[in-house]
Every structure is written in structure tokens, then in C-alpha cells.
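Q: According to TrEMBL, the record shows the following:
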- 25-299: domain 'Sugar phosphate transporter' (DOMAIN)
- 43-68: transmembrane segment (TRANSMEM)
- 80-99: transmembrane segment (TRANSMEM)
- 132-150: transmembrane segment (TRANSMEM)
- 221-243: transmembrane segment (TRANSMEM)
- 255-276: transmembrane segment (TRANSMEM)
- 282-301: transmembrane segment (TRANSMEM)
Amino acid sequence: MAAEKERKSSAVSDMGAWAMNVISSVGIIMANKQLMSASGFAFSFATTLTGFHFALTALVGFVSNATGLSASKHVPMWELIWFSIVANVSIAAMNFSLMLNSVGFYQISKLSMIPVVCVMEWILHNKRYSKLVKLSVVVVVVGVAICTVTDVKVNAKGFVCACVAIFSSSLQQILIGSQQKKYSIGSFELLSKTAPIQALSLLLVGPFVDYLLSGKFIVNYTMSSGCFLFILLSCALAVFCNISQYLCIGRFSAVSFQVIGHMKTVCILTLGWLLFDSAMTFKNVSGMIVAIVGMVIYSWAMELEKQSAKALSTVKHSLTEEEFEFLKEGVEETTHSRDVELGHTKA
């Protein structure tokens, strides 16, 4: 009974972390669209804005630690700096990729992160995936590609930026999960440690990166009260988005976060259709359906893997190591030979 309650509580908290990530991620896209679009406030300083996001996140972390709501654990400074460099390169490369490539190729590069994370976890952590999980990843990628990809024009500089963005973003998500496990540190505690470094570096370098992207310096921008309020809204949503990202990767693994995260694309398309009267074509609808089918297959595959791991763990505890290895490697052959023997006895 207690185990069942604990399982239900865990499922609820997992769903809460996922819902927070989806809502905050979709919300921040809508806020940033109004903030940075030419028809809105034309605040075209994406990298500096990200620095503002992490500055507020760092402030929230500092207050949380100071008031005792969260505990600070030791993580070597070199690892925090390494993670911050990877994360900042990811943000800058994504911005440059969007600037130099078509929207279609930019979306393809984001979809490519799922198989890249799988390969990197296989190389770095020797992680294996079942055929069903691999199939579900392919289905989700195809579904979101059908929804969003319009063209695949690409140039040499844009291709290099996209490759850097894919690699650094995938490595960032793997680092989050591995550092949480390595140092037994909570998601918010890790975020509190990395946010100040990222905020400082982005606020120092961001204006120059934005100048390369937009040809404008932030010091020349005329700030209005409406723009200031939307910057605050964007920063508040970013805090929830950052926290939920760490929560999700800590709970679901990097690959799970990537697969589940692409459901946000479906949500954005739907909200764009409902709120902004965007065109909803047969291609969009069919892509959503394919992506949802992929999600269902993925959830089912992961549940089967969990049950299989539990069964093997139970058997391992009840047998000696030699018996367990024998059972694991030769169970099918042993079962077949026993069936033959039983058939001979009956005869």
C-alpha cells in the first residue's frame, strides 16, 4: 500500500515537472515573440536577454540558499565553468544558426538533437536502447518534421553553426543529468550554482554577440514601460523554464527530455492556430498525430524497460552471480531444452 502511494506520488511529481516545463516554455516563446518581433517591441537582443534570464534565476537561487529553502552542495568550480561554457556556446550557436539558416533547417537541427543525445549517451555512458525505443524516437522526429519543416536550404557557415549548436546543446543536457547523479545534487541546487556564471558571462559577451546578429547595440535601444514589463515576464517564465528543465532531465534522462520536449512544438502550433490564426494545414495535423503516436510508443517502451530491469534485479538478488549470468545469457536455450525433456517424459 505504501509502495503504491509512493509510486502515485512520484507519477504526479513527474507530471508536474513536465507540465511546468511545457507551460513555461510555450509561455516564454509567446512573450519573447511579442518582445522581439518588429510588430512588437523590436527588442532584438536575444543573447543579452538570456543573460537577464539567468541573472534573475541566480538571484532566486541566492535567496533560496540564504533562507534555507535549499541546501548548497559542493561541485568543483572547473566543472561549473565547463558546464557554463558548453551552455553559453549552445545558446550563441542556436542564435547564429537561426540567423544564417532557413527556419526549416534550424528546425531540422533541433530535431537532430534526439539521435545525437542517444549516440553521445551510448559513447559516454555505454547506454543501450531497445528497438522499440529507437522506433519511437524515429516516429516522434518524423512527426515533428512533418509539422514544422518547410524547406532545407543551407549554407556552409550555417551548417557549421548548426553542428556546433547540436553538439553543445546535446552535451549540455547530458552534463546536467550526469552532474546531478555524480554529486547527489538536486536540480535547483545545480541551477543555483551555474546560473551566476552563465549570467555574468552572457551579460559581458552578449551585447557583442547581439551586435553580430542584429547590427545594433543594446545601449542605443529606447526602453518603454511595456517593453520593460515584458522583459520581466520573460525573465520570470525563464526561471520556471530553467528549473523545470533541470527537474525533467533529473527525472526523465536527457533522451526522455528531448522526446517529451518536442511535444511543446505541437502545443505551439496549436496555440498559434487558436490565438494567432496561423494556418492549420493537413500537414500540420498529420504531423501532430504522428508525433503523439511516437510519444505513446515511447512511453510504452520505457515502461517495458523499467519492468524488465525490475524483474532482472529481483532475480539477481535471489541467485548467485554465476547463476544470474547463466540465466541472463542462456534463458531461451535452457527453456527450449527443458520443453523437449518434458515432452519426452510425457511420451
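Backbone N, Cα and C define each Cβ position, glycine as well.
Note: TrEMBL annotation is automatic and uncurated.
Note that the structure is a prediction, hence the values are computed from the model and not measured.
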Q: Give me the mean pLDDT over the domain 'Sugar phosphate transporter' (25-299), rounded to a whole number.
A: 78
Q: Which listed range (80-99, 221-243, 282-301) shows the maximal number of Cβ pairs under 8 Å with respect to the transmembrane segment (43-68)?
A: 221-243
